[in-house]
Amino acid sequence: EVEREISFRTECGLYYSYYKQMLQAPTLMQGFHGLIYDNKTESMRTINLLQRMNIYQEVFLSILYRVLPIQKYIEPVYFYIYTLFGLQAMYVTALYITSWLLSGTWLSGLLAAFWYVTNRIDTTRVEFTIPLRENWALPFFAIQIAAITYFLRPNLQPLSQRLTLLAIFISTFLFSLTWQFNQFMMLMQALVLFILDSLDMLPAVKVTWLYGIQLTGLFLVCILQFFNSMILGSLLISFNLSVLIARKLQKILNLKSDEHIFKFLKAKFGFGATRDFDANLYLCEEAFGLLPFNTFERLSDTLLFYAYIFVLSITVIAALAVAFHNLSDSTNQQSMYKTGEYRIGLKPETAYNLIHTILFGFLALSTMRMKYLWTSHMCVFASFGLCSPEIWELLLKLIHLYNPKRICIMRYSVPILILLYLCYKFWPGMMDELSELREFYDPDTVELMNWIKKAVFAGSMQLLAGVKLCTGRTLTNHPHYEDNSLRERTKAVYQIYAKRAPEEVHALLRSFGTDYVILEDSICYERRHRRGCRLRDLLDIANGHMMDGPGKNDPDLKLAGHPRFCEEIKRNLPPYTAYFTRVFQNKTFHVYKLSRNK
């Protein structure tokens, strides 16, 4: 069981630990009380986990497991995993439906689903980070996009429109409830609606409904999360209220929960260098860097990228033509919309998906972690275009080869040929991959978890999430970084990898009630990142100290007055043994007990 649990790395283990905690509680009410008044996740602090983190899905799943008669047939961990994999099936189904709605043929949906699977390295990471919040949220986001695509169709029956609005509301609410970054994704969605509304490409009444649903869903989540300040002060609420009221309201709150995100964005896009520890922690992670070029090589190998650029180019040309026409002759445009005569395939639902894919494309290009929002929609958009009669009609007219029969031939033959190519090239490999059975192997971490007793532990965020899951012990810090005081606490704990005096480190750790500190050689002697991006370098810069090793330092950085703590403590010199006693050691970890009388 420990080996299973430590396979949930970093925040994945933290989130899963609350599912485990709810299952182990004597009653559901005691389980809820333990989440609302939690004093183990952050030592010497009692926090409301339902307010701080998006863990209602773990609560719901634990209740489901307790009340259903399935305990004899499936273990809790597999119930959790299979539920998430089931959600991914809903995800692919939503992509299938969206593509079908846009193109009018099921063949487009089949191609979208097949592209999603063959490009799974770039479309999802659920197979190795199962409990991540995005793996819960993105299926609902895909369902929402499918429902919006249908809602934007003209001449819907009143009953169909009401049911579609209900589907949009439920999926928006669940998406917002399951991911802390929902507000930033929906802000981009609101920008899509604003752009298309400004260009008279969408009916104003439907846009107003969608703004209202976003606000209502977010307010409901805010209530369930005990009026979380990060939601109350979100840019999405300010933006949507400004659009609805002024068709301008700017809401300003004194917030610090998400200020690290804005510091990161400021530094990332070149608005001045920063020595801020939190911003640099993000900047130096590959996942928050630019999208690597080899992503396009992989997407091209399945022909997805070529098809996407082809469809995007034609649709952008069509959009520019329609936008210019609408801005120059708005009266005629309105009559065109009412009669459903949007030419060259730029129906309202097509226009929405076009701007959606462009904005999320820019997001993915700037931040690799966000590529999963773009690449899945890329599958939908490319498959729609290849099966769309409007796209082929425009292209054949441009090259003077227009003929209704040719349109029919192209919209079916091209997708079928691509599907045959994908089956020939990738099917054997997928079958081999499905037949593989792998085992997680990390004996050093297993040994550490089995050793740990009742105490308060300090260490890296990633490791402590595993400690919480496997042992239930009290922590000083953890990977859920959306809290200003926790970020300050994490920076203080990380001084164990900086150049600080033993008495200073001891005082910092004891201020958080720490009994034991875990040092990791993989951090102390890190080589994975370049100089300037290693954790010890970030700490040196933040502390005003010169970095180790050959290379340049900023002129105002100074030599530290003490050696690096994580290296020097292993020499067992008197200044260190007076404060710290080594109680556990293996090839990877060193655990020291803090003296209490200093």
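Using the three backbone atoms N, Cα and C, a Cβ is placed for every residue, glycine included.
Taken from TrEMBL, the feature transmembrane segment applies to 94-116, 136-152, 164-181, 187-205, 217-239, 305-328, 374-396, 408-427.
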Open item on the list: Between the transmembrane segment (305-328) and the transmembrane segment (164-181), are there three or more CB pairs that fall under 8 A, provided the residues in each pair are separated by 6 or more in sequence?
Closed with: no
Open item on the list: If contact means at least 3 Cβ pairs within less than 8 Å, sequence distance 6 or more, would you call the transmembrane segment (305-328) and the transmembrane segment (94-116) in contact?
Closed with: no
Open item on the list: I'm a bit unsure how to read this: which one of 94-116, 217-239, 374-396, 408-427 has the highest number of Cβ pairs shorter than 8 Å with the transmembrane segment (187-205)?
Closed with: 217-239
Open item on the list: Under 8 Å for C-beta pairs, could you tell me which stretch among 94-116, 217-239, 374-396, 408-427 has the largest tally with the transmembrane segment (136-152)?
Closed with: 94-116
